[in-house]
Amino acid sequence: MADVILVLNAGSSSIKFSVFDAADRALPLLLRGQVAGLYVENARLTVLDADGKEIESRDWAGTPALDHDGAVAWLVDFLRAHKGDHQLAAVGHRVVHGGERYAEAVRVTPEVIAVLGRLAPLAPLHQPHNLKPIEAVARVRPDLPQVACFDTAFHRAQPEVAQAFALPPSITQRGVRRYGFHGLSYEYIAGALPRFDAQGARGRAIVAHLGNGASMCALVNGRSVASTMGFTAVDGLPMGTRSGTLDPGVILYLMDELGMDARAIETLIYKQSGLLGVSGISSDMRALLASEDERARFAIALYVYRIGRELGSLAAAAGGIDTLVFTAGIGENAPAIRDRVCRDAAWLGVRLDEAGNAAHGPRISAPSSRVSVWVIPTNEELMIARHTIRVARGGRAAEPVAGPDTARTPS
Ligand code: ADP
């Protein structure tokens, strides 16, 4: 009888899940999938095997619509039926915010749930949804160890100046500071990079996580020293629908001159800006790259320009750059974007290998390049599974696992 680890990544209307074989040190992926369409009429469970072949799909026709609780119960039932010979050993959750308190993954207790709930104002669009499945699992399987893994934790080791805002202590003491996000992705890349470039991994690496959400992180010897996201996940680079960094004066202008309140501004900067807002066409990079529209061209130009600006800033924070890594949907799949970013970074010593880039790497820098450049697929779910097994078994040291990586959960 093998143990399996269930990894959950819950959003407002979906729960993505992955199941890993905990009997094998490499934690091979067994299943992945999602329950989508929560809170609307027809939720749908889709399950894929490790090769991406659909092995199950179910529609929810019940009334009322399926909620997070219902989805978790559905999932636990499915696993019991499908993996009856396997024993669910633990559940790992992606939780966006661990606040100042959690610098590493933590076993869930009622106290942890209470602390994480109090962090909801710091990530109102994500944190409450991340917590719902934790509470749901605690209700249906109170015996099961649960582990919360944070997008912020990896960045808690940054120097104090990198985490601080130039605001009075009366404000900063309330936890108003730069946290940084996508930490599970950066931690995964920091663990994987030595297999590609052992020397570069010990030096100064800048990682560009370019997905729907996008950010960049500077690593020195595998540790985060600075990141583009700050207090919230709207800071830094323009994203699919998020604005990225704004002059705070813009917010004041929107309030004073346009009469917008906090909720209206939230909708604007999280859902109506970025690639979608600038182009007026799509948040999807594939659609923009395929478009001949001038607005799509400008949205891409702004995106690439902002990446270049942040690259310079992060190189300054790290004291230079030896390695550049592209990851996540755009970083892994869009050679045209990598090409433009690398050309703009020629001043830092980056020289692209066009054939390597067209082939998606892994190495995409020319032999003459002072900076080695890589495409490395991220795997946040595997990172969560590693933390979960370590914490659930009461271990302390992380267990980086060599060997082939499993595929990402679709998003
Ligand atoms: P999330 O942040 O939701 O996990 P992903 O990492 O899946 O997002 O990235 C989604 C982004 O990746 C979208 O903008 C999508 O257009 C882009 N993308 C995926 N495949 C390609 C491709 N072949 N070419 C260009 N962009 C791509």
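Glycine residues also receive a Cβ, built from the backbone N, Cα and C atoms like all the rest.
The model shown is predicted, which means the values in this text are computed figures rather than measured ones.
Of all the Cβ atoms in the protein chains shown, 28 others lie within 10 Å of the Cβ of ASP151 (active site, proton donor/acceptor). Annotation comment: TrEMBL describes ASP151 as active site, proton donor/acceptor.
In the three-state DSSP classification, ASN9 (Mg(2+) binding site) falls within a strand. According to TrEMBL, the feature Mg(2+) binding site maps to ASN9, GLU380.
Under the DSSP three-state reduction, ARG286 (ATP binding site) is assigned to helix. Counting every protein chain shown, the number of other Cβ atoms lying within 10 Å of the Cβ of ARG286 (ATP binding site) is 12. The ATP binding site annotation in TrEMBL covers LYS16, HIS209, LEU210, GLY211, ASN212, GLY213, ASP284, MET285, ARG286, GLY329, ILE330, GLY331, GLU332, ASN333.
Taking Cβ-Cβ distances under 8 Å and a sequence separation of 6 or more, the neighbours of ARG94 (substrate binding site) in its chain are VAL7, LEU8, ASN9, ALA10, ASN130, CYS149, ASP151, LEU184, GLU380, ILE384. According to TrEMBL, the feature substrate binding site maps to ARG94.
Summarising the annotation, TrEMBL assigns site 'Transition state stabilizer' to HIS182 (among others). Taken residue by residue with DSSP, HIS182 (site 'Transition state stabilizer') is part of neither helix nor strand, so it is coil.
Residues annotated as site 'Transition state stabilizer' in TrEMBL: ARG242 (among others). Around the Cβ of ARG242 (site 'Transition state stabilizer'), 26 further Cβ atoms fall within 10 Å across all displayed protein chains. According to DSSP, ARG242 (site 'Transition state stabilizer') is assigned to coil rather than to any helix or strand.
Filtering HIS182, ASN212, ARG286, ILE330, GLU332, GLU380 by Cβ distance to ligand 1 (under 6 A) retains the following recorded positions: ASN212, ARG286, ILE330. Using a 10 Å radius centred on the Cβ of GLU380 (Mg(2+) binding site) and all shown protein chains, the other Cβ atoms total 25.
Of all the Cβ atoms in the protein chains shown, 17 others lie within 10 Å of the Cβ of ASN212 (ATP binding site). Following the DSSP three-state reduction, the secondary structure of ILE330 (ATP binding site) is helix. The two recorded residues, HIS182 (site 'Transition state stabilizer') and LEU210 (ATP binding site), have Cα atoms 10 Å apart. Spatially close to ASP284 (ATP binding site) yet at least six residues away along the chain are GLY240, LEU275, judged by Cβ distances under 8 angstroms. Between the binding-site residues LYS16, ILE330, the minimum number of other C-beta atoms within 10 Å of a residue's C-beta occurs at LYS16.
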